[in-house]
Amino acid sequence: MFVGHALLAFAVAGLIADWRGWPRQHALFVAVIAGAFGALPDIDILYALTGLGHWLLADNAPSAPTAFWNASRTVHRSVTHSLLVGAVAAPAFGLAAFAMRTRESDRPRRPIGSALTALAALASLSLFGLLVLAALLRSGPLAAFVMSLFLGTGALLSLASVRASTLASALVDTPAPNSSLPAISPSTLTLAALWGLWSHPWGDLVTGSPPDWFFPADSTLLTSRVVLHSDPTLHLLAAFAIELGAIWLAAITFCRLTDRSAFAAIDPRAGLAAGYGLAAVVTTPPTLDVSYHFVFSILSVGLLSGITLGSPISVARHPRLQPALPSLPRTESLLATALTGLTAITSALLAYLVVYLSLLGSV
């Protein structure tokens, strides 16, 4: 679900900003920021790399995936997935952005500007320190380290957001003169960060153990995984469909914000991926515990379909897919590849589901 977290945050933020009447460059930029913060809580998974180290060095160690996920359970979905932590961290990131923005402007040359910059930086560092201290007192040095990694990465995202305000304008059709994006306001960054951080934990409810919702406080909210179906394979397929739906929503949002057709570039031959349904007959039914063979194979079908079918030749047949983007000549080709690959994966998933259900009915 790593990708789905970021893309769901991206899509919802972009659609809301567009609905509110924001210029599409601004909406796209804010959506990118929300998506980045939507992925940020999973920075704690880096600790799981210690499990791979143990797998490499120890004798009679479990398999690499088992070692990785066993190590991840130590801190994953705890410190960084808390709604309380997000509620404190998002304003801290906004204050950091304010301090960075005013420091780079003319305002610090004036006494008031310098004072505001110092106060914002002090307030941000104080909130960071409070969160690290809370993690240390609640769960020990490892939690404090993960919290520091989370906050440090978030601060870097804030800095990148302040300095990359022209990113989205390069992706939008026919930019007007002097239409580069202004530096994002601290309040907007705070809201985008808050939405990204708060949207993240909910995506874990169907694929893993629920997060520690109110760390460092205890919580009894949704303490068990949400079961979508009693059959473990149908549960996995439903979870995969949710992930795929989030990716589709993000793709449609991107096309809307960049004035492209979401479906014109799709090669109809992507429907041939429905032949993947036969895999339900010859392979072991996937579950959350054993899903690698299903996930990697169906993603391979989408990748191969996108590369072989979503070619620049197919794009050329659709004028709406060719806005004036001299600085990014391959955007349309990449979009065609991505959308055709998504269509192939969707076709393969539906076919697999139909075949699996027919097999269940014949048992």
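The backbone N, Cα and C atoms fix where each Cβ goes, glycine too.
These figures come from a predicted structure and were not determined experimentally.
Lifted from TrEMBL, the feature list:
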type	residues	note
TRANSMEM	79-100	transmembrane segment
TRANSMEM	112-136	transmembrane segment
TRANSMEM	142-160	transmembrane segment
TRANSMEM	234-258	transmembrane segment
TRANSMEM	294-313	transmembrane segment
TRANSMEM	334-359	transmembrane segment
Please determine whether the transmembrane segment (234-258) and the transmembrane segment (334-359) are in contact (criterion: at least three Cβ-Cβ distances under 8 Å, sequence separation 6 or more). yes
Report, as numbers and ranges, which residues of the same chain sit near the transmembrane segment (334-359): CB under 8 Å and 6 or more residues beyond its ends. 233-234, 237, 240-241, 244, 247-248, 251, 255, 260, 262-263, 265-267, 270-281, 285, 298-299, 301-303, 305-307, 309-312, 314-315, 321
Should anything in the same chain at least six residues away from the transmembrane segment (294-313) have a Cβ under 8 Å from its Cβ atoms, list it; otherwise answer none. 236, 240, 265-267, 269-270, 272-273, 276, 279, 283, 286, 332-333, 336-345, 348-349, 352
In the same chain, residues at least 6 away from the ends of the transmembrane segment (79-100) whose Cβ sits under 8 Å of its Cβ atoms read 37, 40-44, 116-118, 120-121, 123-124, 127-128, 130-131, 135, 139, 143, 146-147, 150-151, 154-155, 157-159, 161-163, 184, 186-187, 189-191, 193-194, 197-198, 200-201, 204, 211-217
